[in-house]
Amino acid sequence: MTIIFVGLPGSGKTTIGRQLARRLGVPFVDSDHVIEDRLGCSIREYFAREGEEAFRDVEQAVLDDLSQHHQGVLSTGGGSVLREANRRHLHDRGQVIYLRSSPEDVYRRLRHDTVRPLLQVEDPLSRLRALYDARDPLYRDAAHFVIETGRPSVSTLVNMILMQLELAGHLPARTQTHSPAAS
Ligand SMILES: Nc1ncnc2c1ncn2[C@@H]1O[C@H](COP(=O)(O)OP(=O)(O)O)[C@@H](O)[C@H]1O
Ligand SMILES: O=C(O)C1=C[C@@H](OP(=O)(O)O)[C@@H](O)[C@H](O)C1
Ligand SMILES: [Mg+2]
């Protein structure tokens, strides 16, 4: 079983993925963390030095590897769906959940962010709107489920996702979910 999160930067992939893995008692991995380990530097530094295409090549190799070998929860970076091969690999190898967030919600969460290279621009909200328009169809193409984020808290969203997966028969019957207080 591999549950994979896709969505805009700031949609909550890393935060929700980690909590869902904890509730399910399964391993969690974030492809951006694996990429940074492999590069030996931050994604921001690598973007600045080598450019976006070089980053996408590393990202594609890491996603190919993790989508085949990781069992548990996999959170991806916001651009994971840009390449057709990535969308196909993610869709065919896991249950893909698109965390849909509006550009405005994401802007509210990330307005003080200094880590995400694509948002280090004069007008990050316009950039997020453009990213949303270009990527929303790609996230939907890769996904099996769409979860609306926005008002609900992270723990509410995790509960909604557990219910969706259970209803769709993607949680083993014996899976014991741990309550947040107990984990
Ligand atoms: N549903 C939510 N409600 C409030 N804050 C959230 C929610 N989801 C994520 N956040 C916050 O938004 C920020 C970005 O979340 P993160 O998990 O890093 O997003 P992503 O990995 O998709 O870029 C974090 O500070 C996180 O705590
Ligand atoms: O949207 C993007 O293209 C990117 C999103 C980032 O991940 P998050 O979505 O976790 O911020 C990271 O992979 C890189 O900065 C590129
Ligand atoms: Mg992330």
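Any Cβ shown, glycine's included, is placed from N, Cα and C.
Residues Gly10, Ser11, Gly12, Lys13, Thr14, Thr15 are recorded by TrEMBL as ATP binders, and the candidate that the same record lists for that site, out of Arg88, Arg93, Arg116, is Arg116. Nearest to Ser11 (ATP binding site) in space, judged by Cα atoms and limited to the binding-site residues Asp32, Arg56, Gly78, Arg135, is Gly78. Note: the CA-CA distance between Arg116 (ATP binding site) and Gly78 (substrate binding site) rounds to 10 Å.
Separating the Cα atoms of Arg56 (substrate binding site) and Thr14 (ATP binding site) is a whole-number distance of 19 Å.
On its own chain, Thr15 (ATP binding site) has Val154 as residues at least 6 apart in sequence with a Cβ closer than 8 Å to its own Cβ. Checking the binding-site residues Ser11, Gly12, Lys13, Thr14, Gly78, Arg116 for a CB within less than 6 Å of any atom of ligand 3 leaves Lys13, Thr14, listed in sequence order. Ligand 2 lies within reach of Asp32, Arg116 from the binding-site residues Ser11, Thr15, Asp32, Arg56, Arg116, Arg135, judged by a C-beta closer than 6 angstroms to any of its atoms.
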